[in-house]
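*Asks:* Per Swiss-Prot, the feature N-acetylalanine maps to Ala2; the stated evidence is similarity to another entry. Taken from Swiss-Prot, the feature domain 'EF-hand 1' applies to 8-43, supported by sequence analysis. Annotation source Swiss-Prot lists Ca(2+) 1 binding site at Asp21, Asp23, Asp25, Thr27, Glu32. Marked as domain 'EF-hand 2' by Swiss-Prot on the basis of sequence analysis: 44-79. Under the heading Ca(2+) 2 binding site, Swiss-Prot lists Asp57, Asp59, Asn61, Thr63, Glu68. Per Swiss-Prot, domain 'EF-hand 3' is recorded for 81-116, and the stated evidence type is sequence analysis. Marked as Ca(2+) 3 binding site by Swiss-Prot on the basis of sequence analysis: Asp94, Asp96, Asn98, Glu105. Annotation comment: Swiss-Prot describes Lys116 as N6,N6,N6-trimethyllysine. Feature annotation from Swiss-Prot assigns domain 'EF-hand 4' to 117-149. Feature annotation from Swiss-Prot assigns Ca(2+) 4 binding site to Asp130, Asp132, Asp134, Gln136, Glu141; the stated evidence is sequence analysis.
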Amino acid sequence: MADQLTEEQIAEFKEAFSLFDKDGDGTITTKELGTVMRSLGQNPTEAELQDMINEVDADGNGTIDFPEFLTMMARKMKDTDSEEEIREAFRVFDKDGNGFISAAELRHVMTNLGEKLTDEEVDEMVREADIDGDGQVNYEEFVEMMTSK
């Protein structure tokens, strides 16, 4: 399953995983799991989280190591996000509800997730998603970004 991930995806997941592996012992607690997945653009429900945890946490000790995490993310990515999950994620980023994600809104959310990005990195993320070149990301552009593999 995890062997279907690209090197870039694995590197992204490793980075996200290590953000939440505070003590660097190679495991994350289950309650951190939801936060990690949301930082990667996934939007699991509580029930889905519980199911995923039960599936992966083989020894039932409440922590997940990186190989288990990779398997789980690969599984989750196979079930492509529903329209509603994408809309929900868009609303998280669109703080003022104007239908656009600005660089400032993106920076705010990413910072809250523990991602310290430079202004250049944030601007680059917006540029990559900004199809019509207006300097912001609208819902259609967001959907395109979330669903393009």
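FYI, residue positions are counted from 1 along the chain as it appears here.
From the backbone N, Cα and C atoms, a Cβ is placed for every residue, glycine too.
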*Asks:* In three-state terms from DSSP, label Thr27 (Ca(2+) 1 binding site) for me.
*Replies:* strand
*Asks:* What else in the chain is close to the domain 'EF-hand 4' (117-149), if you only count residues 6 or more beyond its ends and a Cβ gap under 8 Å?
*Replies:* 41, 80-81, 86-87, 89-90, 93, 99-103, 106-107, 110-111
*Asks:* Going along the chain, which residues at least six beyond the ends of the domain 'EF-hand 2' (44-79) come within the CB cut-off of under 8 Å?
*Replies:* 1-2, 4-5, 9-10, 13-14, 17, 26-30, 33-34, 36-38
*Asks:* What subset of the binding-site residues Thr63, Asp96, Gln136 lies within 10 angstroms of Thr27 (Ca(2+) 1 binding site), using C-alpha positions?
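*Replies:* Passing the 10 Å Cα cut: Thr63.
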*Asks:* State the Cα to Cα distance, in Å, between Glu68 (Ca(2+) 2 binding site) and Gln136 (Ca(2+) 4 binding site), rounded to an integer.
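*Replies:* With distance taken Cα to Cα, Gln136 (Ca(2+) 4 binding site) is 36 Å from Glu68 (Ca(2+) 2 binding site).
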*Asks:* Please determine which of the binding-site residues listed here (Asp132, Glu141) has the lowest count of neighbouring CB atoms within 10 Å.
*Replies:* Asp132
